[in-house]
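Visitor: Dumping the structure here so I can ask a few things about it.
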């Protein structure tokens with residue numbers, strides 16, 4: 001029962017999602033709501049997976065410095081990987097969560113130089129922290145102060161003087177006497193002078209306009225004049241005047257008016273005092289943060305002095321009593337039963353044996369963390385299309401520590417080529433940036449799974465806006481910049497305004513001429529006619545004339561097909577369909593063919609420039625070239641006079657056989 005009893009100050013696990021790791025929080029308050037439920041006000045602690053990569057690099061450098069200074073024993077890569085899961089970052093962010101979402105207790109300690117990091121791996125539910133994370137400023141700062149050692153920060157203690165040895169140092173330069181206990185005045189005379197000093201201070205506050213506003217009553221003015229700063233000034237006046245009461249009295253009341261001594265309690269306004277109380281409630285006695293966030297116009301010494309004076313006021317005593325009474329009325333502890341509901345990520349296979357559910361889930365897959373194939377329980381992990389899973393022990397580790405036991409290949413470690421890659425805990429840009437480290441077979445599998453078919457279906461109003469608001473939409477310019485945002489609301493509003501005023505004439509529709517099926521079949525057959533088989537032993541002659549043939553203008557600006565760019569053509573049969581894999585066409589040479597992987601298809605298209613295209617580029621004007629670039633799928637119409645036809649270069653007689661339509665093959 002003690003394990004399910006949670007008190008204020010405990011570090012606990014909170015579950016906000018069935019598939020995400022637990023949240024580590026510290027209970028600050030337990031409050032009962034109006035409907036009877038219990039809510040916990042908690043302090044947020046963050047994992048490494050919750051902060052940016054730049055802050056992770058900063059944490060790594062801090063960890064290396066700690067290991068060097070504390071002389072930590074060496075650890076393996078797997079242990080270092082698991083130690084990152086045990087590191088947390090404290091914050092000053094509070095939130096309220098239902099107490100029913102608590103899933104267990106854990107331990108979080110401040111890392112110090114005497115700790116050995118390996119000990120954290122031997123303990124269950126044990127974490128450490130050394131840095132504080134600010135979710136608003138996105139910064140990491142040290143949680144504990146630094147002790148500065150050296151002659152710049154500490155006083156140099158001189159050697160002890162021997163008996164009878166005199167100190168030759170000038171004491172007047174080293175110290176100043178502020179009070180002489182052997183003065184000629186009696187204690188009664190000193191007390192009477194202090195009473196006169198308080199009366200002078202009260203009279204001075206009555207004459208001061210700002211003080212009369214802050215202390216409107218005589219009682220408050222007398223209380224302010226009785227504080228230490230008035231008494232210290234009176235005793236210092238006696239010391240400076242040689243304990244002559246007449247001279248000291250005339251110093252307290254000069255010709256211009258009585259001397260007014262104020263401390264920090266009087267210098268601060270009521271609004272500044274309220275700000276200080278609010279900051280003290282949020283940050284505690286962290287005066288640097290109080291000054292930085294709430295009172296930047298005050299000095300640190302002024303804030304510290306005001307704090308200790310504020311603790312002597314009646315307001316502080318009343319607040320302290322109210323907080324004590326409120327704390328007594330609040331809950332000190334709460335009992336949360338053990339959570340026994342099944343997890344939605346649990347894999348249940350139909351027809352599996354008892355105790356081995358998930359056995360029929362993609363047989364052959366292993367645990368993404370420990371790579372085991374046997375487990376009493378399996379859990380789905382990562383994106384659904386990845387079909388990744390974790391065993392029972394690795395799932396508990398994932399929920400508690402926010403990572404896998406072993407580093408995956410996407411995290412920089414080397415794994416086997418047959419192991420699946422887990423990307424569920426990475427964002428999409430990180431997974432894409434790490435894809436070169438994967439093998440080609442698994443990368444093709446990932447790409448094939450991620451390619452989803454989608455359909456863009458436009459509404460009637462959108463199709464009307466393309467024509468009516470062409471000046472605002474600029475469809476050609478938008479097509480060249482597909483990632484630039486378009487203000488759809490403004491275009492929709494403008495289209496609604498122009499629609500009633502638009503002409504009612506029907507649009508001219510250009511009918512699409514569709515060729516009959518017989519014509520299409522003839523064209524497909526003509527593209528790849530069957531060739532007679534070449535008998536074995538005969539070498540395919542090389543057509544030297546093909547190397548010097550000029551390319552016609554019709555195929556210069558035509559976009560090349562993927563087969564041409566890939567370096568190997570796809571064979572076609574007589575009916576125009578591509579041949580099945582493994583069947584060699586007669587039109588292809590006997591050289592070794594490379595099977596293309598659809599997942600490795602290149603995204604960019606490469607255009608090879610020849611002498612003809614360069615001459616064509618010079619013949620075109622700038623406007624014609626831009627128009628052709630906007631419509632690369634249309635043939636380019638060029639006047640024959642613009643192109644200079646080169647005379648054919650005579651070739652020497654070749655002893656090779658006649659030219660053939662077979663492609664050129666160069667054997668290695």
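Quick reminder: no glycine exception, Cβ is built from N, Cα and C everywhere.
Values in this document were obtained by computation on a predicted structure and should not be read as measured data.
I grabbed these lines from Swiss-Prot:
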type: CROSSLNK; residues: 492; note: SUMO2 cross-link
type: CROSSLNK; residues: 508; note: SUMO2 cross-link
type: CROSSLNK; residues: 559; note: SUMO2 cross-link
type: CROSSLNK; residues: 595; note: SUMO2 cross-link
type: MOD_RES; residues: 52; note: phosphoserine
type: MOD_RES; residues: 54; note: phosphoserine
type: MOD_RES; residues: 433; note: phosphoserine
type: MOD_RES; residues: 435; note: phosphoserine
type: MOD_RES; residues: 534; note: phosphothreonine
type: REGION; residues: 412-437; note: region 'Disordered'
type: REGION; residues: 580-599; note: region 'Disordered'
type: REGION; residues: 647-668; note: region 'Disordered'
type: ZN_FING; residues: 367-394; note: zinc finger
Visitor: Could you check what DSSP calls residue 52 (phosphoserine) once collapsed to helix, strand or coil?
Guide: coil
Visitor: Whole-number Å only: compute the distance from the Cα of residue 52 (phosphoserine) to the Cα of residue 508 (SUMO2 cross-link).
Guide: 56
Visitor: Considering every residue in the zinc finger (367-394), what is the mean pLDDT value?
Guide: 87
Visitor: How do the residues of the zinc finger (367-394) split into helix, strand and coil according to DSSP?
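Guide: Its residues divide into 6 helix, 8 strand, 14 coil.
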Visitor: Please list residues from the chain of residue 492 (SUMO2 cross-link) whose Cβ is under 8 angstroms from its Cβ, counting only those at least six apart in sequence.
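Guide: Long-range Cβ contacts: 461, 465.
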Visitor: I need the CA-to-CA distance for residue 54 (phosphoserine) versus residue 508 (SUMO2 cross-link), whole Å please.
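Guide: Per the Cα atoms, residue 54 (phosphoserine) and residue 508 (SUMO2 cross-link) stand 58 Å apart.
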Visitor: Let me check the 10 A CB neighbour count of residue 508 (SUMO2 cross-link). How many other CB atoms are there?
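Guide: Other Cβ atoms found within 10 Å: 5.
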